[in-house]
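Comments concern the structure below.
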Amino acid sequence: MPFKRKDLLGLRELDVHEIEHILELAVSLKEINARPIKKVPTLRGKTVIHLFYEPSTRTRTSFDIAAKRLSADTYSITTAASSMVKGETLLDTVKNLEAMKPDVFVLRHTVSGTPHRIARHTTASVINAGDGMHEHPSQALLDMMTMLEHKKKLDGLTVAILGDIAHSRVARSNIWGLRKMGAKVILCGPITLIPPEAHTMGVEVSHKLGEIIPEADVIMVLRLQKERQQQMLLPSLREYSIYYGLTAEKLKKARRNVLIMHPGPLNRGVEISPDVADGPHSVILDQVTNGVAVRMALLYLLGQK
């Protein structure tokens, strides 16, 4: 099935067949990363520009490696290195870069909706690498790829998403993607960190971690942003950890083959204990590995437009 979209802006707008197509392609491309020479000429002569206006380690590095393994030329621009520090708007930056004839922009921005706005004003393809609290589609795709590798299916799985869901673009993309693929999604966290629109998203909500652990095939732990305590959304990090931190003791109630996931970066000892993060149920590093394959698939599909 050909991928007809110019851009990849979010999972909410993709259908099941498009998601399946991306995941199948990612699986086929993953073996390139195990070769002694990890490079194919697929995107030779193509140019990918990374525009990151928010800190990133895994996503930016992963996209850069993915592009280079497909033989694309890559260039990275951050806020500090861009003309935005001189007052230039993002749209003007993109229009000037577009005049240099790139093929793909990979864009991360603090403001929700920014990739959509930029995509309307450029002929190059745009990949959303995370926009505000809105979406992070490539993260959700690599999460689903990891679940498929270990569980062999998504349809019928019960996936619990634990933590600061209200402010999480990772959670939103996973909700849209997993629900479309037939998974049951349970959100768990304090009432102050559950989005008010949760009841409209086709998910279940629980405020008691002990109730959802025995039911889950996958537990996805989200990073607790420490500024939430300063915003008075939490009494303290210690209290959050007591009630919602995932520990080996709490995991004793879990299914024997439960998967533990985390998009990173981790706050060890807050939302997840070190023995769980590094334990036998953890597939956190598998997520990182699969991130390269998923981003290769996205660049493959959009870079050849």
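Note: Cβ is positioned from N, Cα and C throughout, glycine not excepted.
In the record from Swiss-Prot, residues Arg58, Thr59, His136, Gln139, Gly264, Pro265 bind carbamoyl phosphate; the candidate from Arg108, Arg179, Arg238 listed for the same site is Arg108. Taking the Cα atom of each, Gln139 (carbamoyl phosphate binding site) and Arg169 (L-aspartate binding site) are about 9 angstrom apart. For the pair His136 (carbamoyl phosphate binding site) and Arg169 (L-aspartate binding site), the Cα-Cα distance reads 5 Å.
For the binding-site residues given as Arg108, Arg223, the lowest number of other CB atoms within 10 Å of the residue's CB is seen at Arg223. In this structure, the binding-site residues Arg58, Arg169 were compared by how many other Cβ atoms lie within 10 Å of their Cβ, and the smallest count belongs to Arg58.
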